[in-house]
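To start, the structure itself, in structure tokens.
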Amino acid sequence: MGEGHRLPVASPRVAAIVPAAGRGERLGGGTPKALRALGGRPMLVRTVESLRRSRLVTQIVVAAPPTLVDAVAQLLGGDVYVIAGGAERVDSVRRALRAVDDDVSVVLVHDAARPLTPPELVDAVAAAVLDGHPAVIPVVPLADTVKEVDADGRVVRTPPRDGLRAVQTPQGFRRDVLSAAYALEDIAVTDDAGLVEALGVPVTTIPGAQEAFKVTRPADLVLAEALLARCDPADDARSAEARSAEARSEEPQFAGARSTDARSGG
């Protein structure tokens, strides 16, 4: 169906962007990370369902691997607008931002690999932006001590842990602020809030949620499966079936996934 798949949405004010075009090499396997099975269902499906359950999100835009736009659109349903993502995450978010409806005033950017994020956290971020904060990020305290090291691996200093936080998503922004941030060039950052910081815009933090961790490595996937099984025994059964299917075929549902050009776009 070409560029994307869109259904009219009545007066949206809050849009959620999900960059999901990346390969996720650290997680292993040939399937794009967002489409890896979790509890018998692709992670992306669970991530989008969390956004659907939000009281405030009125539009969802997903940037998918270019060769899988139609398949992902069919997987997610007609209320989600699916576009072709870019070669890098920043390209995917920039494309998705252009696809957001004109009357949206708040944009959330959410990692596809945070499938257990509570809808309440999504609403808390959106509400904080709607209340007047130009940029809002959820954070959690660090459990581990952090060391700064030099190029040779020697410890340079140990920053006080009390002032450090791990950042989660969704990250929320006034639309004009995020658009201005993505107009910047040659800025190397690891998250959307970093771009906004480069503009000199204040970024506000709110408490995150332990369940909103990012599934990046195989151990994260095991933890996510365990949490799902604890919450819903039926998911544990589906997980076993999914692992069996993956053992029979490395890419049971998305056989064409390896041909995508977007290797790190989500």
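Cβ coordinates are placed from backbone N, Cα and C, and glycine is handled just like the others.
Over in Swiss-Prot, the protein carries these features:
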COMPBIAS  234-251  compositional bias 'Basic and acidic residues'
REGION    234-266  region 'Disordered'
SITE      Arg26  site 'Transition state stabilizer'
SITE      Lys33  site 'Transition state stabilizer'
SITE      Arg161  site 'Positions MEP for the nucleophilic attack'
SITE      Lys214  site 'Positions MEP for the nucleophilic attack'
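The number of other CB atoms found within 10 A of the CB of Lys214 (site 'Positions MEP for the nucleophilic attack'), across every protein chain shown, is 16.
A 10 Å cutoff on Cβ-Cβ distances gives Lys33 (site 'Transition state stabilizer') a total of 25 other Cβ atoms nearby, all chains included.
Around the Cβ of Arg161 (site 'Positions MEP for the nucleophilic attack'), 13 further Cβ atoms fall within 10 Å across all displayed protein chains.
For the recorded site, Lys33 (site 'Transition state stabilizer'), the DSSP three-state label reads helix. Here the CA atom of Lys33 (site 'Transition state stabilizer') lies 11 Å from the CA atom of Lys214 (site 'Positions MEP for the nucleophilic attack').
In this structure the C-alpha atoms belonging to Arg161 (site 'Positions MEP for the nucleophilic attack') and Lys33 (site 'Transition state stabilizer') are separated by 31 Å. According to DSSP, Arg161 (site 'Positions MEP for the nucleophilic attack') sits within a helical segment.
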